[in-house]
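Heads up, the thing below is written out as structure tokens.
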Amino acid sequence: MHHEELILTLCILIVKSASKSCIHRSQIHVVEGEPFYLKPCGISAPVHRNETATMRWFKGSASHEYRELNNRSSPRVTFHDHTLEFWPVEMEDEGTYISQVGNDRRNWTLNVTKRNKHSCFSDKLVTSRDVEVNKSLHITCKNPNYEELIQDTWLYKNCKEISKTPRILKDAEFGDEGYYSCVFSVHHNGTRYNITKTVNITVIEGRSKVTPAILGPKCEKVGVELGKDVELNCSASLNKDDLFYWSIRKEDSSDPNVQEDRKETTTWISEGKLHASKILRFQKITENYLNVLYNCTVANEEAIDTKSFVLVRKEIPDIPGHVFTGGVTVLVLASVAAVCIVILCVIYKVDLVLFYRRIAERDETLTDGKTYDAFVSYLKECHPENKEEYTFAVETLPRVLEKQFGYKLCIFERDVVPGGAVVEEIHSLIEKSRRLIIVLSQSYLTNGARRELESGLHEALVERKIKIILIEFTPASNITFLPPSLKLLKSYRVLKWRADSPSMNSRFWKNLVYLMPAKAVKPWREESEARSVLSAP
């Protein structure tokens with residue numbers, strides 16, 4: 001007797017568990033603002049009180065780190081037996097969840113969908129069902145998961161309430177198509193929540209026989225290119241057991257390069273009717289495939305329909321006049337734009353180089369072992385008629401190049417200790433400099449500066465250890481005697497000083513800095529000097 005009761009109890013448990021079957025889904029979609037719960041399949045509560053089966057829950061973050069959930073994690077998240085409940089679920093709850101009992105681990109990815117304010121349901125949570133016309137349409141609103149908490153239930157069609165009783169049982173009509181939403185009102189801890197389940201009902205034609213028919217024109221020409229692969233696609237409206245096949249009207253139809261793709265027959269339902277498509281494949285089209293009938297046929301014992309395809313050589317069209325004209329116009333405009341860009345680059349070459357030096361922080365002075373960035377050669381004697389030249393060399397140049405741009409100049413009167421051998425000292429200082437700046441004037445060559453000039457020219461033109469920058473304080477055409485070697489200097493290394501070039505943004509100073517070595521030293525600036533380099537210090 002005890003054995004029979006045990007078998008009966010087991011049968012009841014099997015039937016009960018079957019009625020509440022559990023399917024594990026790794027991806028779950030829910031809508032924000034509704035109650036939801038997670039429960040692993042195949043785990044039940046302990047049979048005896050002395051058994052321990054502690055369920056632990058974890059939530060993953062974007063950095064794949066997991067934190068354990070508890071009663072303090074959120075007032076909306078509760079634990080009941082082996083269930084993780086959300087009252088309700090919100091957007092911030094989206095993520096990966098893991099349950100663990102001993103060595104048993106289950107995981108889910110929870111995707112929370114934002115509620116559509118203009119609809120009573122979310123498109124991502126809609127299930128679909130096809131119903132044949134004049135067959136039973138049965139819709140019942142049930143939610144066994146919250147059965148004990150549901151207080152009210154409503155049934156909507158396309159978001160309009162249609163029935164006081166949440167149930168439909170009738171013969172389906174085409175007008176019954178639509179979105180049916182069951183809305184359950186659930187109360188929990190004094191708060192009311194709504195749960196929505198929506199199904200999309202599509203009413204289709206009955207499975208009565210239709211007359212088989214090929215879709216589209218009865219004859220179709222298809223342009224092809226020799227050597228290319230081609231596919232012909234034929235579609236038909238038919239019944240489930242109708243014949244549907246390709247045939248070739250050709251004496252030798254056993255070409256292995258022409259194959260009917262039997263595995264890729266595609267079927268679908270449209271307006272309640274069954275449709276299918278078949279593909280005929282050609283590998284590397286040749287002349288033999290052209291102007292031949294390839295027939296697609298659908299048939300049953302009552303009717304037959306055929307469509308013919310003919311392959312013809314595709315004509316390569318000439319370039320339309322407007323396309324040719326447009327292409328030429330684009331080409332001309334591109335050429336003009338390129339020329340303009342080149343011209344602008346030539347005109348603004350100095351500005352572009354200085355900009356590049358500034359952003360790249362290039363420094364050409366780090367590894368050459370030299371002490372000075374430039375040796376300034378100028379008229380040493382300050383007579384009233386040469387005062388402007390002298391002031392320019394010993395005051396203006398250092399104030400701009402040293403204070404504004406961070407260069408280190410060698411000024412003879414400032415940096416040379418008196419009493420040494422002048423010629424040897426000058427030669428040594430020029431060797432330690434990266435540039436030789438010559439301030440050329442009418443009196444320059446008649447002065448002792450001639451020694452500096454000869455030494456610098458030797459370094460520049462013979463040993464190629466230094467580059468010369470010539471500043472014409474007096475136009476060279478007004479100088480009676482000019483060494484031939486100076487005439488060998490490239491024109492861009494000859495700068496002409498004008499009294500109207502006080503601003504540091506003037507072309508003279510930009511060209512001078514361009515000819516100086518690139519240096520990444522951040523200059524020390526005085527705002528007053530930035531306005532006018534000729535102002536008194």
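Cβ from N, Cα, C; glycine included.
Annotated topological domain 'Extracellular' per Swiss-Prot: 20-326, in sequence order. Note on the topological domain 'Extracellular' (20-326): its mean pLDDT in the predicted model is 85.
Residues or ranges marked as disulfide bond in Swiss-Prot (evidence: similarity to another entry): Cys22-Cys41 (among others). Taken residue by residue with DSSP, Cys41 (disulfide bond) is part of neither helix nor strand, so it is coil.
According to Swiss-Prot, the domain 'Ig-like C2-type 1' annotation covers 33-102.
What Swiss-Prot records for Asn50 (among others) is N-linked glycosylation site, and it gives sequence analysis as the kind of evidence.
If you look up Swiss-Prot, you'll see Asn71 (among others) marked as N-linked glycosylation site. In sequence order, Thr78, Phe79 are the residues near Asn71 (N-linked glycosylation site), counting only same-chain partners six or more apart with C-beta under 8 A.
The annotation N-linked glycosylation site is assigned in Swiss-Prot to Asn107 (among others) on the grounds of sequence analysis. The secondary structure of Asn107 (N-linked glycosylation site), as reduced to three states from DSSP, is extended strand.
Residues or ranges marked as N-linked glycosylation site by Swiss-Prot: Asn111 (among others). There are 12 other CB atoms within 10 A of the CB of Asn111 (N-linked glycosylation site), with all protein chains counted.
Under DSSP, Cys159 (disulfide bond) is assigned to coil, being neither helix nor strand in the three-state scheme. Long-range Cβ contacts of Cys159 (disulfide bond) within its own chain (separation 6+, distance under 8 Å): Ser119, Cys120, Phe121, Tyr179, Ser181. Annotation comment: Swiss-Prot describes Cys120-Cys159 (among others) as disulfide bond.
Around Asn134 (N-linked glycosylation site), the same-chain residues at least 6 positions away in sequence with a Cβ under 8 Å from its Cβ are Asp171, Ala172, Glu173, Gly206. In this structure, Asn134 (N-linked glycosylation site) belongs to neither helix nor strand by DSSP; it is coil. Swiss-Prot lists Asn134 (among others) with the feature N-linked glycosylation site.
Mapped onto three states, the DSSP output places Cys141 (disulfide bond) in coil. With a cut-off of 8 Å between CB atoms and residues at least 6 apart in sequence, the same chain places Thr153, Leu155, Pro166, Arg167, Cys182, Phe184, Lys197 near Cys141 (disulfide bond), listed in sequence order. Annotation source Swiss-Prot lists disulfide bond at Cys141-Cys182 (among others).
Cβ neighbours within 10 Å of Asn189 (N-linked glycosylation site), excluding its own Cβ and spanning all shown chains: 7. Sequence annotations record features per position, and here Swiss-Prot assigns N-linked glycosylation site to Asn189 (among others) based on sequence analysis.
Feature annotation from Swiss-Prot assigns N-linked glycosylation site to Asn194 (among others). For the recorded site, Asn194 (N-linked glycosylation site), the DSSP three-state label reads strand.
The N-linked glycosylation site feature in Swiss-Prot is assigned to Asn200 (among others); the stated evidence is sequence analysis. Counting every protein chain shown, 15 other Cβ atoms lie within 10 Å of the Cβ of Asn200 (N-linked glycosylation site).
Sequence annotations record features per position, and here Swiss-Prot assigns domain 'Ig-like C2-type 3' to 212-312.
Residue density at Asn233 (N-linked glycosylation site): 13 other Cβ atoms are found within 10 A of its Cβ, drawing on all protein chains shown. In the three-state DSSP assignment, the secondary structure recorded for Asn233 (N-linked glycosylation site) is strand. Residues or ranges marked as N-linked glycosylation site by Swiss-Prot on the basis of sequence analysis: Asn233 (among others).
Residues or ranges marked as disulfide bond by Swiss-Prot: Cys234-Cys296 (among others). Counting every protein chain shown, the number of other Cβ atoms lying within 10 Å of the Cβ of Cys234 (disulfide bond) is 24.
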Tally of DSSP helical, extended and coil residues in the domain 'Ig-like C2-type 3' (212-312): 3 helix, 62 strand, 36 coil
Cβ neighbour count (within 10 Å, all chains shown) around Cys41 (disulfide bond): 10
Residues of the domain 'Ig-like C2-type 1' (33-102) by DSSP state, where helix covers H, G and I: 3 helix, 26 strand, 41 coil
For Asn233 (N-linked glycosylation site), the one of Asn107, Asn200, Asn295 that lies nearest, given that the glycosylation sites are compared by Cα: Asn295
Which of Cys120, Cys182, Cys296, all disulfide-bonded residues, has a Cβ with the fewest other Cβ atoms inside 10 Å: Cys120
In the chain carrying Asn194 (N-linked glycosylation site), residues 6 or more apart in sequence that have Cβ under 8 angstroms from it: Glu34, Val183, Phe184, Ser185, Val186
